[in-house]
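First the structure, in the form of C-alpha coordinates, and then the observations on it.
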Amino acid sequence: MEWWTAFQAFILGVVEGLTEFLPISSTGHQIIVADLIGFGGERAKAFNIIIQLAAILAVVWEFRGKIFQVVRDLPSQRQAQRFTANLLIAFFPAVVLGVLFADLIHEWLFNPITVALALVVGGVVMLWAERRKHVIHAEHVDDMTWKDALKIGCAQCLAMVPGTSRSGATIIGGLLFGLSRKAATEFSFFLAMPTMVGAAVYSGYKYRDLFRPEDLPVFAVGFVTSFVFAMLAVRALLKFIGNHSYAAFAWYRIAFGLLILATWQFHLIDWSTAGEM
(Lines of atoms letter the chains of each structure in order from A; the text may use other names.)
(Lines give C-alpha, C1' and ligand atoms only; values in the text may rest on other atoms or scores of the structure.)
Protein backbone atom coordinates (compact mmCIF):
# COMPACT_ATOMS: atom_id res chain seq x y z
CA MET A 1 0.00 0.00 0.00
CA GLU A 2 1.49 3.30 -1.10
CA TRP A 3 1.68 6.14 1.42
CA TRP A 4 -0.60 8.35 -0.69
CA THR A 5 -3.29 5.68 -0.84
CA ALA A 6 -3.04 5.22 2.92
CA PHE A 7 -3.30 8.98 3.37
CA GLN A 8 -6.41 9.11 1.16
CA ALA A 9 -7.99 6.30 3.18
CA PHE A 10 -7.17 8.09 6.43
CA ILE A 11 -8.60 11.43 5.28
CA LEU A 12 -11.82 9.88 3.99
CA GLY A 13 -12.15 7.83 7.18
CA VAL A 14 -11.86 11.01 9.23
CA VAL A 15 -14.42 12.78 7.03
CA GLU A 16 -16.89 9.90 7.28
CA GLY A 17 -16.47 9.52 11.02
CA LEU A 18 -16.84 13.22 11.78
CA THR A 19 -19.73 13.96 9.42
CA GLU A 20 -21.92 10.83 9.42
CA PHE A 21 -23.88 11.77 12.53
CA LEU A 22 -23.58 15.54 12.37
CA PRO A 23 -26.34 17.34 10.40
CA ILE A 24 -23.95 18.45 7.66
CA SER A 25 -24.14 15.54 5.17
CA SER A 26 -21.44 12.88 5.18
CA THR A 27 -22.20 11.88 1.59
CA GLY A 28 -21.82 15.45 0.42
CA HIS A 29 -18.47 15.81 2.17
CA GLN A 30 -17.29 12.46 0.82
CA ILE A 31 -18.10 13.50 -2.75
CA ILE A 32 -16.28 16.81 -2.38
CA VAL A 33 -13.21 15.55 -0.52
CA ALA A 34 -12.81 12.40 -2.63
CA ASP A 35 -12.79 14.53 -5.76
CA LEU A 36 -10.25 16.97 -4.31
CA ILE A 37 -7.79 14.22 -3.33
CA GLY A 38 -8.43 12.10 -6.41
CA PHE A 39 -9.98 9.02 -4.80
CA GLY A 40 -12.61 7.49 -7.06
CA GLY A 41 -13.41 4.60 -9.35
CA GLU A 42 -14.57 1.10 -8.51
CA ARG A 43 -12.48 0.69 -5.36
CA ALA A 44 -14.05 3.82 -3.88
CA LYS A 45 -17.50 2.21 -3.96
CA ALA A 46 -16.32 -0.72 -1.84
CA PHE A 47 -14.30 1.60 0.41
CA ASN A 48 -17.35 3.77 1.14
CA ILE A 49 -19.31 0.73 2.28
CA ILE A 50 -16.53 -0.20 4.70
CA ILE A 51 -16.18 3.23 6.31
CA GLN A 52 -19.95 3.68 6.63
CA LEU A 53 -20.19 0.31 8.35
CA ALA A 54 -17.42 1.38 10.73
CA ALA A 55 -19.29 4.57 11.60
CA ILE A 56 -22.50 2.74 12.42
CA LEU A 57 -20.64 0.18 14.54
CA ALA A 58 -19.28 3.11 16.56
CA VAL A 59 -22.84 4.19 17.35
CA VAL A 60 -23.83 0.62 18.22
CA TRP A 61 -20.93 0.52 20.66
CA GLU A 62 -21.76 3.92 22.13
CA PHE A 63 -25.41 2.95 22.75
CA ARG A 64 -24.74 -0.68 23.63
CA GLY A 65 -26.34 -0.24 27.05
CA LYS A 66 -29.67 0.95 25.63
CA ILE A 67 -29.55 -1.70 22.89
CA PHE A 68 -28.96 -4.47 25.43
CA GLN A 69 -31.80 -3.16 27.60
CA VAL A 70 -34.24 -3.11 24.68
CA VAL A 71 -33.28 -6.62 23.55
CA ARG A 72 -33.57 -7.93 27.12
CA ASP A 73 -36.95 -6.30 27.74
CA LEU A 74 -38.45 -6.89 24.29
CA PRO A 75 -40.32 -10.14 25.13
CA SER A 76 -42.11 -8.69 28.16
CA GLN A 77 -41.88 -4.90 28.40
CA ARG A 78 -44.36 -2.70 26.53
CA GLN A 79 -41.93 0.22 26.42
CA ALA A 80 -39.23 -1.82 24.65
CA GLN A 81 -41.80 -3.22 22.22
CA ARG A 82 -43.08 0.25 21.34
CA PHE A 83 -39.55 1.60 20.86
CA THR A 84 -38.67 -1.27 18.52
CA ALA A 85 -41.92 -0.86 16.59
CA ASN A 86 -41.24 2.86 16.16
CA LEU A 87 -37.79 2.12 14.73
CA LEU A 88 -39.24 -0.36 12.24
CA ILE A 89 -41.98 2.08 11.22
CA ALA A 90 -39.45 4.89 10.71
CA PHE A 91 -37.14 2.55 8.79
CA PHE A 92 -39.79 1.37 6.32
CA PRO A 93 -40.14 4.46 4.04
CA ALA A 94 -36.38 4.55 3.35
CA VAL A 95 -36.43 0.87 2.40
CA VAL A 96 -39.20 1.35 -0.14
CA LEU A 97 -37.81 4.50 -1.75
CA GLY A 98 -34.23 3.24 -1.56
CA VAL A 99 -35.03 0.08 -3.50
CA LEU A 100 -37.04 2.00 -6.09
CA PHE A 101 -34.89 5.07 -6.68
CA ALA A 102 -31.36 4.58 -5.25
CA ASP A 103 -29.68 3.88 -8.60
CA LEU A 104 -31.48 6.74 -10.33
CA ILE A 105 -30.54 9.20 -7.61
CA HIS A 106 -26.92 8.04 -7.62
CA GLU A 107 -26.72 8.48 -11.38
CA TRP A 108 -28.27 11.95 -11.60
CA LEU A 109 -27.74 13.68 -8.26
CA PHE A 110 -24.33 12.56 -6.99
CA ASN A 111 -22.42 15.68 -8.00
CA PRO A 112 -21.01 18.68 -6.11
CA ILE A 113 -23.55 21.17 -7.45
CA THR A 114 -26.46 19.14 -6.10
CA VAL A 115 -24.56 18.76 -2.84
CA ALA A 116 -23.94 22.52 -2.61
CA LEU A 117 -27.57 23.41 -3.26
CA ALA A 118 -28.80 20.83 -0.75
CA LEU A 119 -26.35 22.10 1.85
CA VAL A 120 -27.57 25.67 1.48
CA VAL A 121 -31.28 24.81 1.40
CA GLY A 122 -30.89 22.43 4.33
CA GLY A 123 -29.04 25.08 6.31
CA VAL A 124 -31.79 27.63 5.74
CA VAL A 125 -34.46 25.12 6.80
CA MET A 126 -32.41 24.25 9.88
CA LEU A 127 -32.20 27.91 10.91
CA TRP A 128 -35.95 28.32 10.41
CA ALA A 129 -36.68 25.18 12.43
CA GLU A 130 -34.45 26.28 15.30
CA ARG A 131 -36.02 29.75 15.49
CA ARG A 132 -39.55 28.41 15.27
CA LYS A 133 -41.44 28.05 18.53
CA HIS A 134 -41.58 24.38 19.51
CA VAL A 135 -44.41 22.63 21.29
CA ILE A 136 -42.75 19.54 22.74
CA HIS A 137 -44.91 16.47 23.35
CA ALA A 138 -42.12 13.86 23.43
CA GLU A 139 -39.32 14.70 25.84
CA HIS A 140 -37.70 11.26 25.51
CA VAL A 141 -37.57 8.66 22.74
CA ASP A 142 -39.81 6.40 24.81
CA ASP A 143 -42.55 9.06 24.67
CA MET A 144 -42.82 8.90 20.88
CA THR A 145 -45.91 7.62 19.09
CA TRP A 146 -45.97 5.55 15.92
CA LYS A 147 -47.13 8.65 14.03
CA ASP A 148 -44.00 10.51 15.19
CA ALA A 149 -41.88 7.62 13.95
CA LEU A 150 -43.60 7.50 10.56
CA LYS A 151 -43.18 11.23 10.01
CA ILE A 152 -39.49 11.08 10.92
CA GLY A 153 -39.08 8.10 8.61
CA CYS A 154 -40.57 10.10 5.75
CA ALA A 155 -38.25 13.01 6.60
CA GLN A 156 -35.31 10.63 6.43
CA CYS A 157 -36.14 9.91 2.78
CA LEU A 158 -35.12 13.47 1.92
CA ALA A 159 -31.55 12.44 2.73
CA MET A 160 -31.45 10.34 -0.42
CA VAL A 161 -30.51 13.63 -2.08
CA PRO A 162 -26.77 14.03 -1.38
CA GLY A 163 -26.01 17.09 0.70
CA THR A 164 -29.29 16.91 2.62
CA SER A 165 -27.91 14.87 5.55
CA ARG A 166 -29.71 11.87 7.00
CA SER A 167 -29.15 13.00 10.57
CA GLY A 168 -30.10 16.57 9.65
CA ALA A 169 -33.38 15.47 8.06
CA THR A 170 -34.36 13.23 10.97
CA ILE A 171 -33.26 15.60 13.74
CA ILE A 172 -34.89 18.70 12.27
CA GLY A 173 -37.92 16.63 11.32
CA GLY A 174 -38.13 15.46 14.92
CA LEU A 175 -37.98 19.04 16.21
CA LEU A 176 -40.72 20.14 13.82
CA PHE A 177 -42.89 17.17 14.80
CA GLY A 178 -42.74 17.92 18.54
CA LEU A 179 -39.73 16.01 19.86
CA SER A 180 -37.25 17.58 22.24
CA ARG A 181 -33.77 18.24 20.89
CA LYS A 182 -32.39 15.33 22.93
CA ALA A 183 -35.13 12.91 21.84
CA ALA A 184 -34.80 13.89 18.17
CA THR A 185 -31.04 13.42 18.26
CA GLU A 186 -31.10 10.08 20.05
CA PHE A 187 -33.84 8.69 17.80
CA SER A 188 -31.81 9.80 14.79
CA PHE A 189 -28.86 7.78 16.08
CA PHE A 190 -30.97 4.68 16.70
CA LEU A 191 -32.71 4.98 13.34
CA ALA A 192 -29.28 5.18 11.69
CA MET A 193 -28.51 1.64 12.83
CA PRO A 194 -31.03 -0.33 10.73
CA THR A 195 -30.93 2.23 7.92
CA MET A 196 -27.16 2.22 7.46
CA VAL A 197 -26.72 -1.49 8.11
CA GLY A 198 -29.44 -2.20 5.55
CA ALA A 199 -27.81 0.13 3.04
CA ALA A 200 -24.39 -1.43 3.67
CA VAL A 201 -25.71 -4.97 3.19
CA TYR A 202 -27.55 -3.99 0.01
CA SER A 203 -24.56 -2.13 -1.42
CA GLY A 204 -22.14 -4.82 -0.28
CA TYR A 205 -24.09 -7.47 -2.15
CA LYS A 206 -24.50 -5.27 -5.20
CA TYR A 207 -20.78 -4.44 -5.39
CA ARG A 208 -19.50 -7.74 -3.98
CA ASP A 209 -17.17 -8.24 -6.96
CA LEU A 210 -15.32 -5.03 -6.06
CA PHE A 211 -13.99 -6.36 -2.74
CA ARG A 212 -10.47 -7.59 -3.45
CA PRO A 213 -7.90 -9.03 -0.98
CA GLU A 214 -5.24 -6.56 -2.12
CA ASP A 215 -7.42 -3.67 -0.92
CA LEU A 216 -7.69 -4.96 2.66
CA PRO A 217 -4.94 -2.63 4.03
CA VAL A 218 -6.73 0.40 2.54
CA PHE A 219 -10.06 -0.76 3.94
CA ALA A 220 -8.48 -1.36 7.36
CA VAL A 221 -7.08 2.18 7.56
CA GLY A 222 -10.44 3.67 6.59
CA PHE A 223 -12.41 1.38 8.93
CA VAL A 224 -10.37 2.11 12.05
CA THR A 225 -10.21 5.84 11.36
CA SER A 226 -13.94 6.11 10.67
CA PHE A 227 -14.83 4.11 13.80
CA VAL A 228 -12.69 6.23 16.12
CA PHE A 229 -13.76 9.61 14.75
CA ALA A 230 -17.44 8.61 14.58
CA MET A 231 -17.37 7.72 18.26
CA LEU A 232 -15.74 11.04 19.10
CA ALA A 233 -18.30 12.93 17.00
CA VAL A 234 -21.29 11.19 18.60
CA ARG A 235 -20.04 11.89 22.12
CA ALA A 236 -19.30 15.51 21.27
CA LEU A 237 -22.72 16.04 19.68
CA LEU A 238 -24.59 14.57 22.64
CA LYS A 239 -22.76 16.98 24.95
CA PHE A 240 -23.17 19.91 22.56
CA ILE A 241 -26.96 19.71 22.24
CA GLY A 242 -27.38 20.00 26.00
CA ASN A 243 -26.61 23.72 25.88
CA HIS A 244 -26.63 24.70 22.21
CA SER A 245 -28.91 24.77 19.18
CA TYR A 246 -28.10 23.45 15.71
CA ALA A 247 -27.65 26.97 14.32
CA ALA A 248 -23.87 26.60 14.11
CA PHE A 249 -24.26 23.56 11.86
CA ALA A 250 -26.79 25.44 9.73
CA TRP A 251 -24.40 28.35 9.14
CA TYR A 252 -21.60 25.91 8.35
CA ARG A 253 -23.79 24.18 5.76
CA ILE A 254 -24.69 27.48 4.11
CA ALA A 255 -21.08 28.71 4.05
CA PHE A 256 -19.72 25.41 2.71
CA GLY A 257 -22.42 25.17 0.05
CA LEU A 258 -21.83 28.74 -1.12
CA LEU A 259 -18.08 28.10 -1.26
CA ILE A 260 -18.61 25.09 -3.54
CA LEU A 261 -20.95 27.10 -5.78
CA ALA A 262 -18.42 29.94 -5.95
CA THR A 263 -15.57 27.64 -6.98
CA TRP A 264 -17.82 26.19 -9.68
CA GLN A 265 -19.15 29.51 -10.94
CA PHE A 266 -15.71 31.12 -11.21
CA HIS A 267 -14.03 27.93 -12.52
CA LEU A 268 -11.62 27.77 -9.59
CA ILE A 269 -12.06 23.98 -9.31
CA ASP A 270 -13.02 21.56 -12.06
CA TRP A 271 -15.96 19.59 -10.68
CA SER A 272 -16.77 17.91 -14.00
CA THR A 273 -15.65 14.45 -12.90
CA ALA A 274 -16.75 14.67 -9.29
CA GLY A 275 -19.25 12.25 -7.82
CA GLU A 276 -17.87 9.20 -9.60
CA MET A 277 -17.67 7.26 -6.37
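Every residue, even glycine, has its Cβ placed from backbone N, Cα and C.
What you are looking at is a predicted structure, and each value in this text was computed from that prediction instead of being measured.
Listed in Swiss-Prot for this protein:
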- 47-67: transmembrane segment (TRANSMEM)
- 85-105: transmembrane segment (TRANSMEM)
- 108-128: transmembrane segment (TRANSMEM)
- 183-203: transmembrane segment (TRANSMEM)
- 218-238: transmembrane segment (TRANSMEM)
- 249-269: transmembrane segment (TRANSMEM)
Long-range Cβ neighbours of the transmembrane segment (183-203) (under 8 Å; 6 or more residues past either end): 20-21, 45, 48-49, 52-53, 55-56, 59-60, 62-63, 66, 86-88, 90-91, 94-95, 98, 102, 138-141, 143-144, 149, 152-153, 156, 166-167, 170-175, 234, 237-238, 241
Distant-in-sequence neighbours of the transmembrane segment (218-238), which means Cβ under 8 A and at least six residues beyond its ends: 1, 5-6, 9-10, 12-14, 16-22, 43, 46-47, 50-59, 61-62, 185, 189
Chain residues outside the transmembrane segment (108-128) and at least six past its termini with a C-beta under 8 angstroms from it: 23-25, 27-28, 31-32, 35, 161-165, 168-169, 172, 246-247, 249-254, 256-258, 260-261, 264, 271, 274-275, 277
